[in-house]
Amino acid sequence: MSSTTSSESNHKMASGSNEESSHLLESSVRAEIYGSQPAEQQNLLNKMVHTTGIESKTFPQYVAALSATGGAFAAGTLLGWTSPAQNRLTGGEYGFPVSNAAFSWIGSAMTLGAAFICIPIGFLINMIGRKLTMLLLVLPFTLGWALLIWAQNVEMMYAARFILGISGGAFCVTAPMYTGEIAQKDIRGTLGSFFQLMITAGILFIYAIGAGLDVFAMSLVCGVIPLIFGAIFVSKSKNESAVKSIQWLRGKDYNYNPELEELKATEEQIKQNSVSVGTALLRPVTLKALAISLGLMFFQQLCGINAVIFYSTDIFKDAETGIDENLSTIVVGVMQVIATFVSVMVVDKLGRRLLLLASAIVMALSTVAMGVYFYMKDNDNASVANLGWLPVSALCVFIIMFSIGFGPVPWLMMGELFASDIKGVAGSIAGTSNWVLAFIVTKTFVNMKEALGSGQTFWLFAGITLLGAVFVFLFVPETKGKSLNEIQKLLEGNSNSTPIVVNNSNNSSNDNGNVN
């Protein structure tokens, strides 16, 4: 690893911790100071590894990540809304007829909106930055909920859910990138998993309020949440200059001068080496990262999670457990939150691969068990009279293991695998594939049950999930504890990373901020 520090400060570097520079300078501030392109600045900052003689503070990074993923909480309410709303809307609560077929489109319209926005949002991210993009998403969130709250017909609900899907899908691309980039590498997994944790918290929230509120009141509460997120996020970011942003995230003793000097020194080199989006996408390392990310998204959806979440009430009902349907969905939501929280705690200790492998194998066994129960039930209802516990237990284990591995990790790794100059576009492609697959699964689940049978449908999910375990074992690299630059080297087949190193010890720079 090369260094730009003087020999007299080397002994201070030895005791320091390596941490990664990230998306700390917003595009508008960078342009004002240096006049360079946002993508170029971001590319440089993500290549730089800073060695500091002062321990970087992590608490502000946790606060920033939580505030950013507040939008994920709002997206979670959007995902969970269908479960408590289904029977009430089809029962005529809104005063106009909603058939089961129409409701399936109401539920699926959200995934179509999410798929529609993912690629455009990648370009917007690079143009105006992560934070401003997330703030702008409050507008379609609010519009969508307003249309849903005061819907006069089914068509308004279709439009509302599509618009809400635009906001939810955009957050699924933007928030993991933002949280992954503001974090130093030893806590990046934890902060990156906050996104899925807040999604599951939002789902649990809508399940809980849905047990006591009608659809109008429930939707009204959900419509207020994006406004609260916007207010909190604006408050946190208010009057935050580039320098203040770095110092707030890393600590007031963090010396930013060497970083800025290094930025100016290499700006021309980055401009000369800049390439088009098409060229960047066709780089072998980008294609490899894209294949891994697309594979993870494929197996995340084809394990059947959205079918389980969207139709969890029906699964409990079909199993004839006698458990109230509202209580059953709340139980599912609680398990999701607890399991995802466990994942947040261990992802930087156990690593991504182990969580993915354990998640896939146990989920496959769980769906096999659910398949056995429903196959027996379809052929001889009396044969499962005393087995009502089996599908419920299998469902619970499935939810827990998904929330530990295949729930949070694919989104986390999406923010880790791509080089910064292509991350917005490549991440958007991965996000689009995820939501298209989500649409296919949620829209065709009932049709598959009717065509194949309930048991055979769950066995199909189990087989695909086992293939997912094989995919992880053969192709997914371990990114735990690696900087974004080191991950790029790993994907290139070169584990010997030589990133730019800047000393952040206060004694290593002169009065003008130049490196000694």
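Even glycines carry a Cβ here, placed using N, Cα and C.
Remember, TrEMBL labels are computer predictions, not curated facts.
The structure displayed is predicted, hence computed values, not measured ones.
Marked as domain 'Major facilitator superfamily (MFS) profile' by TrEMBL: 64-480.
Per TrEMBL, the feature region 'Disordered' maps to 1-22.
The feature transmembrane segment is assigned by TrEMBL to 62-82 (among others).
Proximity of distant same-chain residues to the transmembrane segment (102-125), defined by a Cβ-Cβ separation under 8 Å and at least 6 residues beyond the stretch ends, is recorded for 78-79, 82, 86, 89-90, 133, 154, 157-159, 161-166, 168-170, 172-174, 177, 306, 310, 424-429, 431-432, 435-436, 438-439, 442-443, 446. Summarising the annotation, TrEMBL assigns transmembrane segment to 102-125 (among others).
For the transmembrane segment (132-152), the list of distant contacts is 26, 68, 71, 74, 94, 96, 121, 124-125, 159-164, 166-167, 170-171, 174-175, 178, 216, 219-220, 222-223, 226-227, 229-230, 233-234: same-chain residues at least six beyond its ends, Cβ to Cβ under 8 Å. Annotated transmembrane segment per TrEMBL: 132-152 (among others), in sequence order.
Annotated transmembrane segment per TrEMBL: 158-178 (among others), in sequence order. Sequence-distant contacts of the transmembrane segment (158-178), counting only residues of its own chain at least 6 positions beyond either end whose CB sits under 8 Å from a CB of the stretch, comprise 23, 68-69, 71-72, 74-75, 78-79, 105-107, 109-118, 121-122, 125, 130-131, 133-134, 137-138, 140-141, 143-148, 151, 192, 195, 226, 411-412, 414-415, 423-424, 427-428, 431, 434-435.
Tertiary proximity for the transmembrane segment (190-209) is limited to same-chain residues at least six positions away from its ends with a CB under 8 Å from its CB atoms, namely 61-62, 65-66, 69-70, 72-81, 83-84, 172, 175-176, 179-180, 182-183, 218, 221-222, 225, 309, 326, 329-330, 332-334, 336-337, 340-341, 343-345, 347-348, 403, 407-409, 411-412, 415-416. The transmembrane segment annotation in TrEMBL covers 190-209 (among others).
Residues 67-68, 70-71, 73-74, 77-78, 81, 84-85, 88-89, 93-94, 131, 134-135, 137-138, 141-142, 145-146, 148-149, 167, 202, 206, 209 of the same chain lie 6+ residues outside the transmembrane segment (215-234) yet bring a C-beta within less than 8 angstroms of a C-beta in it. What TrEMBL records for 215-234 (among others) is transmembrane segment.
The transmembrane segment annotation in TrEMBL covers 289-312 (among others).
If you look up TrEMBL, you'll see 327-347 (among others) marked as transmembrane segment.
Look at TrEMBL and you will find 354-376 (among others) tagged as transmembrane segment. Counting same-chain residues at least six beyond the ends of the transmembrane segment (354-376), those with a Cβ under 8 angstroms from any Cβ of the stretch are 296, 299, 303-304, 315, 318-319, 343, 346-347, 383-384, 387, 390-391, 393-395, 397-398, 401-402, 404-407, 409, 453-459, 461-463, 465-466, 468-469, 472-473, 476.
What TrEMBL lists as transmembrane segment is 388-413 (among others).
Tertiary proximity for the transmembrane segment (425-446) is limited to same-chain residues at least six positions away from its ends with a CB under 8 Å from its CB atoms, namely 104, 107-108, 111-112, 114-115, 118-123, 126, 165, 169, 172-173, 176-177, 277, 280-281, 286, 289-290, 293-294, 297-298, 300-302, 304, 306-307, 310-311, 410, 414-415, 418, 457. Annotation comment: TrEMBL describes 425-446 (among others) as transmembrane segment.
Taken from TrEMBL, the feature transmembrane segment covers 458-476 (among others).
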Distant-in-sequence neighbours of the transmembrane segment (62-82), which means Cβ under 8 A and at least six residues beyond its ends: 103, 106-107, 110, 130-131, 134, 137-138, 141, 164-165, 167-168, 171-172, 175, 178-179, 182-183, 187, 191, 194-207, 210, 218-219, 222, 225-226, 228-229, 232-233, 236, 249, 309-310, 329, 333
Long-range Cβ neighbours of the transmembrane segment (327-347) (under 8 Å; 6 or more residues past either end): 80, 83-84, 189-190, 192-194, 196-197, 199-201, 203-205, 207-208, 210-211, 309, 312-313, 316, 321, 355, 395-396, 399-405, 407-409, 412, 480
For the domain 'Major facilitator superfamily (MFS) profile' (64-480), the mean pLDDT of the predicted model: 82
